[in-house]
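Asker: The following block contains the structure, expressed as structure tokens.
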Amino acid sequence: QLQSKILILTICAAGIGGTFQYGYNISIINAPTSYIQTFMNETWLERTGIPLESNVILLLWSFTVSAYPLGGLTGAVVAGPMAIMLGRKMSLLLNNVFVIIAAALSGFSRMAKSFEMIMLSRFFTGVNAGVSMNVQPMYLAESAPKKLRGAVALTSASFTALGLVLGQVVGLRELLGGEESWPFLLASNVVPAVIQLTALPWLPESPRYLLIDRGDKESCISALQKLRGSSDLGAELEEMLAEQAALKGQRAKNPWELFQNPALRWQLMSIVVLSSAMQLCGNDSMYFYAAYVFQEAGIPQDKIPYVVIGTGSCELITSVTCNMIIDYAGRRPLLLGGYIFMAGWAIVFMVALSQQTQISWMPYLSMACIFAYILSFGIGPAGVTGVLPTEVFDQMSRPAAYMICGSLLWFNLFLVGTAFPFIVKSLAHFCYVPFLVVCICTALYVGFFLPETKGKSFLEISEEFKKRNFKAQTHAVFYKGPEEIKSTML
């Protein structure tokens with residue numbers, strides 16, 4: 001069973017320096033918030049002799065926090081060209097340079113007495129996360145056998161959740177969350193990078209990339225043998241060669257070319273709707289609320305960080321569960337169920353928040369809602385969304401599709417992060433109405449328009465979308481001859 005070991009090692013090596021970093025870096029910044037704000041104030045006082053006003057500190061802090069999604073957006077945009085030119089594996093390896101720069105900046109920021117270094121370091125950390133969020137699912141889904149494709153690509157979500165939880169744990173006061181040790185906390189993201197740099201070089205590149213993008217059949221076969229062992233590779237190789245033949249003479253597409261191509265209309269609609277919904281469904285805002293709700297429920301202030309770890313663990317448990325069932329249950333039921341349940345919990349949560357002061361047991365209900373909401377998100381939307389672009393686009397469109405997907409994801413993260421405090425101010429208890437609308441609309445879209453992709457080859461999925469894209473216009477003016485049709489084939 002050596003080959004399954006190699007596949008598992010590939011998943012772990014890609015994950016630990018990949019989406020793990022995304023989750024980890026989102027959560028380590030929460031613990032030292034007050035210390036870093038104090039540091040900003042003291043540094044400014046030393047430089048100018050005038051202390052900063054509290055609203056200026058807040059503004060500087062929000063710059064620091066939003067540097068992360070801005071870096072992520074940059075990373076998502078460079079990820080496409082990187083994956084095409086350098087290959088999937090090489091992109092993941094080079095991506096660690098950004099984290100090492102970031103760790104050096106934040107680790108020495110206190111010695112250098114410069115809070116600008118922290119902002120810069122958050123930007124570079126974002127770039128790293130942006131690249132890995134795009135390249136890792138692509139690398140893993142292309143390396144996995146068809147019947148395990150969903151589960152393998154989904155490990156990206158499990159690593160994100162693992163990063164979240166570990167970041168919360170490392171950020172505890174007893175470990176690195178104390179006043180003295182925050183530079184080390186921010187620089188601790190160099191450890192996963194080192195692990196990836198030592199492990200990943202020994203593992204194979206994506207066989208699909210080697211054959212279809214590089215046209216290197218020997219390397220492709222040797223990579224497949226490493227990943228699959230001695231089992232019969234004939235059928236899988238045949239399928240890849242068919243895809244290679246269908247894409248002959250084409251080059252990798254740019255994101256704007258996807259929008260112009262009528263043969264990709266439904267695929268694009270689906271990933272745009274789903275990757276926007278993933279951030280706009282309010283899951284990340286639940287973490288924002290967690291501390292407040294736990295406080296209302298009467299949990300002592302110094303115990304709250306430990307309960308928050310519970311919320312992170314919730315997402316971890318569900319994404320691992322989702323891993324096990326995705327290739328049995330299929331993609332659609334998980335997405336549909338996830339969004340329907342989230343809509344339900346959002347309603348209960350708003351009722352609970354509005355009755356928080358009147359009824360004594362309401363805080364416990366809203367606490368249960370937080371856990372239930374995060375569980376519903378983890379079981380479907382969290383993981384399945386990242387798998388879809390790999391499945392519904394062909395080899396030439398895939399990097400561009402991930403660029404669109406990633407850019408939306410980071411832009412919406414930035415949007416929600418900036419807008420949510422204002423939404424809370426203006427809507428108070430009903431701050432979840434916008435998220436509720438998003439969940440309902442997404443559930444409707446999935447129910448009516450998204451085909452199931454479980455257990456199908458890339459070619460079959462493409463055929464299914466072709467029927468949809470050309471349903472109305474089979475005999476219409478849009479028929480541009482065989483070449484137009486050929487480009488939709490996978």
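Count begins at 1; order follows the chain as displayed.
Every residue, even glycine, has its Cβ placed from backbone N, Cα and C.
Automated prediction, rather than curation, is the source of TrEMBL annotations.
Here's the feature list from TrEMBL:
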| type | residues | note |
| --- | --- | --- |
| TRANSMEM | 7-24 | transmembrane segment |
| DOMAIN | 11-454 | domain 'Major facilitator superfamily (MFS) profile' |
| TRANSMEM | 56-80 | transmembrane segment |
| TRANSMEM | 92-112 | transmembrane segment |
| TRANSMEM | 118-139 | transmembrane segment |
| TRANSMEM | 151-170 | transmembrane segment |
| TRANSMEM | 182-203 | transmembrane segment |
| TRANSMEM | 334-353 | transmembrane segment |
| TRANSMEM | 365-388 | transmembrane segment |
| TRANSMEM | 400-424 | transmembrane segment |
| TRANSMEM | 430-450 | transmembrane segment |
Asker: With a cut-off of 8 Å between Cβ atoms, can you find at least three pairs linking the transmembrane segment (400-424) to the transmembrane segment (118-139)? Only pairs 6 or more residues apart in sequence count.
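Answerer: Yes, the transmembrane segment (400-424) contacts the transmembrane segment (118-139).
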Asker: Report, as numbers and ranges, which residues of the same chain sit near the transmembrane segment (92-112): CB under 8 Å and 6 or more residues beyond its ends.
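Answerer: For the transmembrane segment (92-112), the sequence-distant neighbours (Cβ-Cβ under 8 Å, at least 6 residues beyond its ends) are 14, 17-18, 21, 39, 75, 82, 86, 118, 120-125, 127-128, 131-132, 135-136, 139, 183-184, 186-190, 192-193, 196-197, 200-201.
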Asker: Determine which residues of the chain contact the transmembrane segment (118-139) at the Cβ level, with the cut-off under 8 Å and only residues 6 or more beyond its ends counted.
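Answerer: Long-range Cβ neighbours of the transmembrane segment (118-139): 14-15, 17-19, 21-22, 25, 29, 36, 63-65, 67-80, 82-83, 88-89, 91-92, 95-96, 98-99, 101-106, 109, 153, 156, 186, 189, 206, 386-387, 389-390, 398-399, 402-403, 405-406, 409-410.
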Asker: Any chance you could find the range in 7-24, 182-203, 334-353 with the most Cβ pairs under 8 Å to the transmembrane segment (151-170)?
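Answerer: Ranked by Cβ pairs under 8 Å, first place goes to 7-24.
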Asker: Does the transmembrane segment (182-203) come close to the transmembrane segment (7-24), meaning at least 3 CB pairs under 8 Å for residues 6 or more apart?
Answerer: yes
